[in-house]
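To start, the structure under review is shown below, and the notes come after it.
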């Protein structure tokens, strides 16, 4: 059973519908006690980093997520939910994140090395380039997925499972132990997105059986 | 590399898609869920639903449509038409749409853009602009109310204003080219795309696959939108993409 964290931000409906299409049971909650019963957690979200962290803190969901992960639980952050996994973000002045994966979240400069401007947000379909093996990309080929974001994670390459190129190398799938993040929206990325979510569900089911 | 997007636009009236009459292979050509699934399979990168309901009852049903489509569609979709307030945006986005498109309401009360963008993030807020060339102005003038009312706004000024206020994307329709099928308005598209920092969707005038190539390469558009050529099967999303790939345009 997947628990989707509701902290008042993001399109929970599309994530839960995505899981439903895969035949997975899920529930949406803002209560740490309820969420602790989940065999895997998804942290979705769109919007601003600082607002998201203060909402998580208000519900004590930040402490809960750290404890959940320390206890071996699987966590998948999507879009802003992935950015929250890092140490800090420069969005609206530095704001602290969950520090589950080392790194910080920075803005696209909108200006390339030749001083040519490019569009921000990074919006649309971009191709994944696989960097490291991970259970979430097992059996899959490098395909296009749907991105919408103005900030990206600046992190060590060892945590980058897959990236996409948009002037800079954009970490698209990150992972550290039982924590995973996807900068794009798997629930909006057609068949490829569904396959990625399926792989995460398989991991969680494996834990359920174990 | 980021791909260029192809976006079919569906008109919805009282909860049903209208103008989709050529889809004989479908059981029910007016069902938004079936049409959405059809375009998804064809390789559409996104969909736009334009609510053209005139009555209040018609407007209420769009929320049901959004919910039904969101439950079956695994690609992003935008809903526009008749969205006048933050409450309207909340209803549509909570029902599962990924973005809302604002047109007349944003011109009448530009603060609406700030409100939507602050609450949901810029990525949810598309500003639709209908523009027509104006000799007196020496540029393109922004029109509202479905193209019936001229405004004081010059198109680039308005596009910049909208982006400053938090628009995440511009859906730019050329009234001069719309329905003519002679190609997108390249000069207009290029002018706006180069003036703003957010993606621009070219709309109005698509007649064939070459027109999309022009819009992307000369017009600097990030996406191309079309309605009738897809609905009436004059071409298909798949055909357009195959052509673009052959021409070296990066598509999905």
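Glycine residues also receive a Cβ, built from the backbone N, Cα and C atoms like all the rest.
Keep in mind that what you see is a predicted model, and the values were worked out from it rather than measured.
Per TrEMBL, the features are:
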DOMAIN    A:5-200  domain 'Glutamine amidotransferase'
ACT_SITE  A:79  active site, nucleophile
ACT_SITE  A:185  active site
ACT_SITE  A:187  active site
Residue A:185 (active site): secondary structure state under DSSP, collapsed to three categories: coil
In three-state DSSP terms, the structure that the residue listed as 'active site, nucleophile' belongs to: coil
Number of other Cβ atoms within 10 Å of the Cβ of residue A:79 (active site, nucleophile) across all protein chains: 28
